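Following: one structure in structure tokens, then a few remarks.
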Amino acid sequence: MGNRDLESRGSWKNRGAPPPPPPHSNYYTSSSPYYAESSEKQWTSWLVPMIVVANVAMFIVIMIVNDCPKNHNSSLEGNCVARFLGRLSFQPLKENPLFGPSSSTLEKLGALEWKKVVNENEAWRLVSCIWLHAGVIHLLANMLSLVFIGIRLEQQFGFARVGVIYLLSGIGGSILSTLFIKSNISVGASGALFGLLGAMLSELLTNWTIYANKAAALITLVIIILINLAVGILPHVDNFAHIGGFLTGFLLGFVLLIRPQFAWQERRHLPVEARGKSKYTLFQYAFWFLSMLLLIAGFAVGLVMLLKGENGNDHCSWCHYLSCVPTSRWHCNNQ
């Protein structure tokens, strides 16, 4: 894979519902645990399918630009894969085992790269990299994860809130990745996907009083998140994008996915003395304020450090282990 790093490198009813099953591979691909109360509005999911279509269309554009038969020297690294596809054929598997384009093509079309963002003022790469994928396998894994996570969230909370979480989490992942990874390029929607996972977790915590089976659901969701983050310590996986996206989505969940407490929702059916006096609890207000403060501070500090060309590893000597742990079988070059 050369110097390519991949970011995947991705209401319970009051009577209770089973928590989500574990994910497939290193992507979270199980159904969301959210099931709507009968009194709540159900949104029609259209944004998530459109994001999937946009990513697939972008990958086709990438492969057209890549044009392996024309731009690849087969005498040096072997023949293109699936040559019957013409200019859509893939780079040799020795170069890209994920059935995709070359690193140079991804770099040309907007892959995340420190020197491009800092030295050449191409901050747009913080967003463009979210829509690029390194291969068919990478694309399919991320899009399947997005469908299973995103559609249920969009049905519950609407396209606007889910769209904001998805985009800002992707950008948050890009910022943290650029601060810590200097020598490799990075592509993928995994930071945004981890943001949706983080939002699911904070939504459960901030709306704790309206759910049953919450302890089991919390434990299951935390285990799923930890497994996915643990896979990020393998080489060629940009775990900083995962962590940055997760933290951004986790904080945004407290801000955007807050629900009225149960006593307020059912006040029409409860006696006067049992009706909730406040729409939200004190803890929900506290979580909202603290999360908003941390979001603003985090993005401000991250962007200032990035524009000044700071290296995150200079301020945290052990943080590089969060993205890759060297062993006797592989080495790490993620700084």
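Here the Cβ of each residue, glycine as well, is placed from N, Cα and C on the backbone.
Since the structure is predicted, the reported quantities are computational estimates derived from the model, not experimental observations.
Marked as compositional bias 'Basic and acidic residues' by TrEMBL: 1-10.
The helix, strand and coil residue counts that DSSP assigns across the domain 'Peptidase S54 rhomboid' (121-257) are 107 helix, 4 strand, 26 coil. Positions annotated as domain 'Peptidase S54 rhomboid' by TrEMBL: 121-257.
Sequence annotations record features per position, and here TrEMBL assigns region 'Disordered' to 1-24.
What TrEMBL records for 46-65 (among others) is transmembrane segment.
If you look up TrEMBL, you'll see 130-151 (among others) marked as transmembrane segment.
Positions annotated as transmembrane segment by TrEMBL: 163-181 (among others).
For 187-208 (among others), the entry in TrEMBL reads transmembrane segment. Same-chain residues lying 6+ beyond the ends of the transmembrane segment (187-208) with a Cβ under 8 Å from its Cβ atoms: 4, 6-11, 27-28, 32-34, 55, 106, 111-112, 129-134, 138, 142, 145-146, 149-150, 153, 162, 165-170, 172-174, 177, 214, 217-218, 221-222, 224-225, 228, 238, 241-254, 256-259, 283-284, 287-288, 291.
The transmembrane segment annotation in TrEMBL covers 215-234 (among others).
Distant neighbours of the transmembrane segment (240-258): 7-10, 157, 161, 164-165, 168-177, 179-181, 186, 188, 190-203, 205-207, 225, 228-229, 232, 280, 284, 287-288, 290-292, 294-295, 298, 322-323; these residues of the same chain sit at least 6 beyond its ends, with a Cβ under 8 Å from one of its Cβ atoms. Here TrEMBL flags 240-258 (among others) as transmembrane segment.
Sequence annotations record features per position, and here TrEMBL assigns transmembrane segment to 285-307 (among others).
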Remote residues contacting the transmembrane segment (163-181) - C-beta distance under 8 A, at least 6 residues beyond either end: 5, 7, 47, 51, 112, 114, 117-118, 125-127, 129-130, 150, 189-192, 194-196, 198-199, 238, 240-249, 252-253, 256, 298-299, 302-303, 305-306, 310-313, 319-320, 323, 334-335
